[in-house]
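As given in TrEMBL:
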type    : residues                          : note
BINDING : Arg29, Glu40, Phe41, Pro42, Gly43 : 8-oxo-dGTP binding site
BINDING : Gly43, Glu63                      : Mg(2+) binding site
DOMAIN  : 8-136                             : domain 'Nudix hydrolase'
Amino acid sequence: MIDAPGKKILLVVACALVDSDGRILLAQRPEGKSLAGLWEFPGGKVEPGETPEETLIRELDEELGIRTKVACLAPLTFASHTYDDFHLLMPLYVCRRYEGMAHGREGQALKWVRSKSLRDYPMPPADEPLIPFLMDLL
Ligand code: C5P
């Protein structure tokens, strides 16, 4: 049971996209969005009828021009964080096999970051607890 009485649950899915040097892609939330300026693992809201993997495949293409498939998405852990307006559940997948060069198709800044440097980038509070899992992995 999630102890967030009266709050809606928002299901977002996120991805640690890993390059051949073992660096992880962070995307900066753009002006005009909530938590603007903070760095996050790319992803987005799970739409009705989608599996989290389908959401990630769609979002990585829409946001970054990256193409991947379900077999290349490995679940690692998930974030569970109560915001003022909702409770966020956010599975984190790791993707090492994909096609395309990531570019911010929605104007967002991108950075490839070593796991030990992830803490140098201010993140939404839901994303920060995910860092140790990536430091263990990479
Ligand atoms: O990206 P989007 O604005 O659709 O995400 C909805 C909400 O989920 C954000 O306002 C933010 O509070 C939360 N979120 C997060 N970490 C992410 C993505 C979204 O905390 N990586």
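Each position is counted from 1, following the chain as shown.
In case you wondered, yes, glycine gets a Cβ from its N, Cα and C as well.
You'll find the Cα of Arg29 (8-oxo-dGTP binding site) roughly 12 Å from the Cα of Glu63 (Mg(2+) binding site). Sequence-distant contacts (6 or more apart, same chain, Cβ under 8 Å) of Glu63 (Mg(2+) binding site) comprise Ala27, Pro42, Gly44, Gly104, Arg105, Glu106, Gln108.
Between the candidate binding-site residues, Arg29, Glu40, Phe41, Pro42, the densest Cβ environment within 10 Å is the one around Phe41. Ligand 1 lies within reach of Glu40 from the binding-site residues Arg29, Glu40, Pro42, Glu63, judged by a C-beta closer than 6 angstroms to any of its atoms. The record assigns Arg29, Glu40, Phe41, Pro42, Gly43 to the 8-oxo-dGTP site; their largest pairwise CA distance measures 11 Å. In the three-state DSSP assignment, the secondary structure recorded for Arg29 (8-oxo-dGTP binding site) is coil.
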